[in-house]
Amino acid sequence: MDLKTKFTPQSWPAHPENATLEGKNKTLGFWIFLGGETVLFATLFATFLALKNKGPNGMEFSTQSLFELPLAFIMTMLLLTSSLTSVYAMYHMKNHNFKAMQAWIAVTVVLGLGFLGLEIYEFYHYVHLGFTFTQSAFGSSFYTLVGTHGLHVIIGLAWFILLMLRNSKRGLNLYNAPKYYLASLYWHFIDVVWVFIFTVVYLMGVLD
Amino acid sequence: MSSTAKKKGFGATIWDYLTTVDHKKIAVLYLIAGTLFFVIGGIEAMLIRIQLAEPNNDFVSAGLFNEIITMHGTTMIFLAAMPLLFAFMNAAVPLQIGARDVAFPFLNSLGFWLFLFGGLFLNLSWFLGGAPDAGWTSYASLSLASPTHGIDFYALGLQISGAGTLIAGINFLVTIINMRAPGMTYMRMPLFTWTTFVASALILFAFPPLTVGLFFMIFDRMFDANFFDHLNGGNTIIWEHLFWIFGHPEVYILVLPAFGLFSEIFATFSRKRLFGYSSMVFATILIGFLGFMVWAHHMFTVGLGPTANAIFAVATMAIAVPTGMKVFNWLLTIWGGNIKVTTPMLYGLGFIPSFVAGGVTGVMQASAPLDYQLHDSYFIVAHFHYVIVGGIVLALFAAAHYYWPLMFNQMLNETLGKITFVFFFVGFHCTFFIQHFLGLMGMPRRVFTYQGDQGWDLFNYISTIGAFLMAIGVILLVVNVIITAIKGEPAGRDPWKDGRTLEWAIPQPVPYYNFKQTPLVRGLDTFWIEKMEGNKEGMTYAEPISDIHMPNNSFIPFMISFGLFVAAFGALYHQDADKAWSLPVLIAGLAITFLSMIVRSLKDDLGYHIHKEELMNEKGGKK
Ligand code: HEM
Ligand SMILES: [Cu+2]
């Protein structure tokens, strides 16, 4: 594979992420990796369910007293929308429209940063109330589950940003197309995990 | 790259191995490192048996004894058995499926270095204030109360080497799915490839729970989290669940490849097609699947309740069915075969009854009411050594003899090999058979000494004698390796003369690019088919000679792993108020890792090509 081949939208393959053996391997390997990540999150969810609302005798914190659905809802909307914008970016990637792709990724990053900002605010707020990582088993499991997701968001954002910067001058080729594709796949995964967090942690926490 | 390395000095060879991404060389690295840890774990085992040889012994103290048993188990499972299996997987699987290399050569090397640095980190605990002492299972109620840094070495070391294992697992999955030569359909894959495939899938799903459990343990010990601390709402049973959700599949991660190795060996030396190939494949998958359903059989006495115990008991017994299928298939492969009792075959013949004995005690333990009696006694120790030594270690020794000519182009001495087997095999049964009875007589496991005159003295003494016989066996194997290396006689291609699968079709020494032309696979046991049809070359080709794309060597995997190794020291000592240097060390370590990753991602590394003309002149051979 060489980087010099210049593509036009006409000569660009329909599945650029799978057009080379390297690309094919990376795509498959990444899907498999996401399988492992799924188990990792499943474990964190299970632990959270086992430990939610558990703490020292007479603990005042509970999912009902802490969580605010409106905030969690806004965060959900931001992340869902960012997933959509990353789909647009991939659409343009497949059409070999580099500029549009970069632009949509930038929008994705901005939305992701918004999500991250709200999450930091939320954590800050809880810590302020005295609900910390070390306060109770509930606290440990909550911050570990939601925080691990937050860490994934940070990694996803850093990945997008580095890709945009690294390739800003050289455009799309078969070497970096799989990288873009996988970064966006990762982003979708993060989004799906959040949907579960929203349901299991926030909705089920407030409702029952 | 391809032409510089003809005659290499010592330094250049070392550098070559530090940077290699070639699966054949990584196999050698795994073999060396795994053997090193196997010897360390073996010495620990000898110390255990010396201490227990007689009642009220004070050869080692109680505390030290706990450290030794913990490190023995942890080292043998994570740092000896797994890497040694990876050694043979790396050596054989890409060749068995006719591939140029694994799917991700760079990650292959990263996986190795992560494992090695994690293992080194764990073992350095001996010199840095004390090894972990809560057993290889490290139950939270014990490990949270352990005063030294030992448990932190355990948690951080396993975290690093576990990441390496996960990477290796993903790599083999993609390799086997994507890199098979034309004609190598799934149902034509040799059984060692199949079992590697299923074991890799188990790694993928079993290691994340361990990762999470280890993080909880690190958080609880180092950052005052409360996952396992019941005073703050935590629950110590969570660790047990996470550990065994990992731990039971782990034993199948180990034993499935061992099954695969023996399947190859039985077919080769019975000079017969493996009996019931498709049912072998089916049984492998079924065992892999059921392996995830049974973890609570390690927790029958925890008090999960009769319903849970009953379900897990039945599920556990069910695993004996596919395992039994395998045993019968092996027997029927040998039955009526044209048998050649070589050293690997001898190990195979010893394996069947030994492993069956371990399976039988397994089914006994699976019966929950009986397990209340057996649990935490020497009966358990006997059971898992029958399956692990009688299954996995025998397979590793067999594979060492079987694949030595593939990896080093030399044959180990057959006579010495058989003598090794006799010592090891007799020693093994002498050590462990009698432990069943010790367990039934009530001797608990993990005790550093015992009172005399309870009827345990003689049996313990016999068990220790057995351990010495096993040690003699291991030393003989090492002697065999040294003699063979000094003699240095090349073994040549297909040295057993009965090779059936593609790895034997390749010229020796194996060219660094593997197959000059990708082979075309025409059936199960494809090399055998070609030989039977009188094909002198032993291969049909799928393509004309053309340029071969190769990956570049890289030092980055070493640096990424080294950075984590450094960072782990920082993290570990960060808990001590008097060690101000720990934070800078933590940051420096992470910086090394991240900078290496950034270099990797910014610098395009497209590999290089070996040109057709070069290949035409090439007669094969290592570079
Ligand atoms: C038919 C197959 C098997 C069955 C039914 C079985 C069943 C069991 C049961 C019920 C226990 C728990 C006993 C207790 O602690 O009270 C156990 C322990 C164990 N088994 Fe097996 N087993 C089987 C095969 C294997 C294999 C193939 C391996 C390894 C390759 C293995 C390795 C172990 C280990 C390491 C332990 C003890 C772990 C510990 O407590 O330290 N088993 N087995
Ligand atoms: Cu088990």
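Including glycine, each Cβ sits where the backbone N, Cα and C put it.
These numbers come from a predicted model, not from an experiment.
The feature domain 'Cytochrome oxidase subunit I profile' is assigned by TrEMBL to B:9-522.
TrEMBL lists B:27-48 (among others) with the feature transmembrane segment. Under 8 Å from some Cβ of the transmembrane segment (B:27-48) lie the Cβ atoms of residues 17, 20, 59-60, 65, 68-69, 71-72, 75-76, 79-84, 86-91, 112, 115-116, 119, 123, 407, 467-468, 471, 474, all in the same chain and six or more residues away from its ends.
The transmembrane segment feature in TrEMBL is assigned to B:68-89 (among others).
Within its own chain, the transmembrane segment (B:110-129) has Cβ neighbours under 8 Å at 26, 29-30, 33, 37, 40, 67, 71, 74-75, 78-79, 82-83, 86, 148-150, 153-154, 156-165, 167-168, 171, 557-558, 560-562, 564-565, 568-569, counting only residues six or more beyond its boundaries. Positions annotated as transmembrane segment by TrEMBL: B:110-129 (among others).
Annotated transmembrane segment per TrEMBL: B:153-179 (among others), in sequence order. When Cβ-Cβ distances below 8 Å are used as the criterion, the transmembrane segment (B:153-179) is approached by residues 70, 74, 78-79, 82, 86, 89, 93-94, 97, 99-104, 107-108, 110-119, 121-125, 128, 131-132, 134, 138, 143, 189, 193, 196-197, 199-204, 207-208, 210-211, 214-215, 217-218, 221, 561, 564-565, 568, 571-572 of the same chain, each at least six residues removed from its ends.
Residues annotated as transmembrane segment in TrEMBL: B:191-218 (among others). Outside the transmembrane segment (B:191-218), and at least 6 residues removed from its termini, the chain residues within Cβ reach (under 8 Å) are 85, 88-89, 92-93, 96-97, 138, 140, 143-144, 151-152, 155-156, 158-159, 162-163, 165-166, 168-170, 172-173, 176, 225, 227-228, 238-239, 242-243, 245-247, 249-250, 252-254, 256-257, 259-261, 263-264, 274, 277, 280-281, 284-285, 287-288, 291-292, 571.
Outside the transmembrane segment (B:238-262) by six or more residues, the chain places 77, 81-82, 85, 88-89, 137-140, 190-196, 198-199, 202-203, 205-207, 209-210, 212-213, 216-217, 227-228, 284, 287-288, 291-292, 294-299, 302, 326, 330, 348, 351, 384, 387-388, 391-392, 394-396, 398-399, 402 with a CB less than 8 A from a CB of the stretch. Residues annotated as transmembrane segment in TrEMBL: B:238-262 (among others).
The feature transmembrane segment is assigned by TrEMBL to B:274-296 (among others). Here the transmembrane segment (B:274-296) has Cβ contacts under 8 Å with residues 187, 191, 194-195, 198-199, 201-202, 205-206, 241, 244-245, 247-249, 251-252, 256, 259-260, 263, 266-267, 304, 308-309, 312, 315-316, 318-319, 322-323, 325-326, 328-330, 332-333, 335, 524 of the same chain, all six or more residues outside its ends.
The transmembrane segment annotation in TrEMBL covers B:344-364 (among others). Beyond its flanks by at least six residues, the transmembrane segment (B:344-364) meets 262, 265-266, 268-269, 316-317, 320, 323-324, 327, 330-331, 334, 370, 374, 379, 382-391, 394-395, 397-399, 401-402, 417-418, 421, 425, 428-429, 436 of its own chain at Cβ-Cβ distances under 8 Å.
Through the fold, the transmembrane segment (B:384-404) approaches residues 76, 81, 84-85, 88, 91-92, 251, 254-255, 257-259, 261-262, 264-265, 268, 342-344, 347-348, 350-351, 354-355, 357-359, 361-362, 410-412, 417, 420-421, 424-425, 428, 431-432, 435, 477, 484, 496 of its own chain, all at least 6 residues removed from its boundaries and within a Cβ separation under 8 Å. According to TrEMBL, the transmembrane segment annotation covers B:384-404 (among others).
The transmembrane segment annotation in TrEMBL covers B:416-438 (among others).
Within its own chain, the transmembrane segment (B:458-483) has Cβ neighbours under 8 Å at 39, 42, 45-46, 49-50, 52-55, 397, 400, 412-413, 416-417, 419-432, 434-435, 437-438, 450, counting only residues six or more beyond its boundaries. Taken from TrEMBL, the feature transmembrane segment applies to B:458-483 (among others).
Annotation source TrEMBL lists transmembrane segment at B:580-599 (among others).
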Folded-back contacts onto the transmembrane segment (B:68-89), same chain, C-beta under 8 angstroms, at least six residues removed: 27-28, 30-31, 33-35, 37-38, 40-41, 44-45, 47-48, 60, 112, 115, 119, 122-123, 126, 131-136, 138, 150, 154, 158, 161-162, 165, 168, 172, 192, 196, 199, 250, 253-254, 257-258, 261, 388, 392-393, 396, 399, 403, 446
Confidence summary for the domain 'Cytochrome oxidase subunit I profile' (B:9-522), mean pLDDT rounded: 95
